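Participant: Mind having a look at this structure? Questions to follow.
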Ligand SMILES: NC(=O)CC[C@H](N)C(=O)O
């Protein structure tokens, strides 16, 4: 299995390290030429969604990646990645790939003081540590979306078909269980 990690900006190296720990090969997607071979799954890392979205378009990568996801390529979007996948953003008039039928709020915990760590249950795993960094959360979901985790009554992780979105950063720390769950979704 080869997982493509979008490597334009943000926390992509940490995802690659997690996957390496799990014995999975990765390929960095940095430019259009990197999309010649379709990977078995995709990770859209945290970072700054506007920058990432613009780069995807400017580099001519946007349509291929959107098409791949629409065709069912499994994808995990964390933080900025969640924003890129959301069908709608409640507090931003931009929109990006729009493949995940949910409304997401950017910088939902505030811009400056919006970073924190907590522990909460994650469906199918149990309690996990969650690192929030100027994170979004999910304000509403469409039918067919499965909630995977909630913190303070806000949805912070969800799944729709082969797409998984997370408000927090599962690539921080030593816990590989969320990546493992994602890989199970890829192989099923
Ligand atoms: N850690 C993150 O990915 C933060 C996301 C960032 N606040 C954005 O709106 O793009």
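Cβ coordinates are placed from backbone N, Cα and C, and glycine is handled just like the others.
Just so you know, TrEMBL annotations are computer predictions that nobody has curated.
TrEMBL lists 79 with the feature active site, nucleophile. Annotation comment: TrEMBL describes 169, 171 as active site, charge relay system. For 47, 48, 49, 106, 133, 134, the entry in TrEMBL reads L-glutamine binding site.
I'd like these features described in context: how deep, what's nearby, how far apart.
Facilitator: The Cβ neighbour count for residue 79 (active site, nucleophile), using a 10 Å radius and every protein chain shown, is 28. In the three-state DSSP classification, residue 79 (active site, nucleophile) falls within coil.
There are 23 other CB atoms within 10 A of the CB of residue 169 (active site, charge relay system), with all protein chains counted. In the three-state DSSP scheme, residue 169 (active site, charge relay system) falls into the coil class.
Sequence-distant contacts of residue 171 (active site, charge relay system), defined by Cβ-Cβ distance under 8 angstroms and a gap of at least six in the same chain, are 11, 14, 15, 17, 18, 45, 46, 78, 179.
The Cβ of residue 134 (L-glutamine binding site) has 18 other Cβ atoms within 10 Å, all protein chains considered.
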Participant: Based on a Cβ-to-ligand 1 distance below 6 Å, what subset of the recorded positions 133, 134, 171 would you report?
Facilitator: 133, 134
Participant: List the residues in the vicinity of the L-glutamine site, defined as same-chain residues other than 47, 48, 49, 106, 133, 134 with C-beta within 8 angstroms of the site's C-beta centre.
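Facilitator: Neighbours found: 10, 46, 79, 80, 83, 107, 135, 136.
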Participant: Taking the Cβ of residue 133 (L-glutamine binding site) as the centre, how many other Cβ atoms fall within a 10 Å radius?
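Facilitator: Residue 133 (L-glutamine binding site) is surrounded by 19 other Cβ atoms within 10 Å.
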Participant: Might you list, by sequence position, any residue in that chain lying six or more from residue 106 (L-glutamine binding site) with a Cβ less than 8 Å away from its Cβ?
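Facilitator: Spatial neighbours, sequence-distant, of residue 106 (L-glutamine binding site): 49, 83, 89, 91, 92, 136.
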Participant: Using a Cβ-Cβ cut-off under 8 angstroms and a sequence gap of six or more, which residues of the chain neighbour residue 48 (L-glutamine binding site)?
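Facilitator: The answer is 9, 10, 80.
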Participant: Would you count the other CB atoms within 10 A of the CB of residue 49 (L-glutamine binding site), including those on all shown protein chains?
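Facilitator: Residue 49 (L-glutamine binding site): 28 neighbouring Cβ atoms within 10 Å.
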